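Visitor: Provided herewith is a single structure, encoded as structure tokens, for subsequent inquiry.
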């Protein structure tokens, strides 16, 4: 948006520890020990992991990307990916070029033991929230549309039941008062209290 290069990544690796079994996925912040080279030092109180050679290699890769970006704004240069000091063969990151992110292609780097450049991060989940949910919400509004030109007919209140002798009277009610109407009763006062709210009995 402002002309500065943007590089998008998703970290898909985590160290092995008792707190995080092998079948679990990477979580937010799992790249932190790799950024600061913890696998090269060994387990710490903060990161009690069983670091392998692959963890050391991945840490070297991440530190190279981060320091390159800090120096030049491009994680691919000036220092190329090279971890032969850890493995006898080249790692796959040496064959991957981390592309810039743009709204059209939406490329990002999948960082893990099998790195690759992918596009449209979590496209299905993003489409659900950006397109399907708003669409369903708009359908809800369509079915609850209130007309601005059609008036709702007025409801006529029901009349009191009548008998040949006139309105039906409730036993004990004053003469001429229909039985369906409530009578107001006053709640008793408590000691030292003011007037109570009035209730109705049917």
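From the backbone N, Cα and C atoms, a Cβ is placed for every residue, glycine too.
Note that the structure is a prediction, hence the values are computed from the model and not measured.
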Visitor: Which range, 105-153, 154-202, does Swiss-Prot list as region 'Disordered'?
Guide: 154-202
Visitor: For the topological domain 'Extracellular' (1-202), would you mind checking the mean pLDDT of the predicted model?
Guide: 76
Visitor: Minimum Cβ neighbour count within 10 Å among the disulfide-bonded residues 15, 49: which residue?
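Guide: It is 49 that, of the disulfide-bonded residues 15, 49, has the fewest other Cβ atoms within 10 Å.
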Visitor: Do any residues at least six apart in sequence from residue 50 (N-linked glycosylation site), in the same chain, have a Cβ closer than 8 Å to its Cβ, and if so which, in order?
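Guide: Sequence-distant Cβ neighbours: 15, 16, 17, 43.
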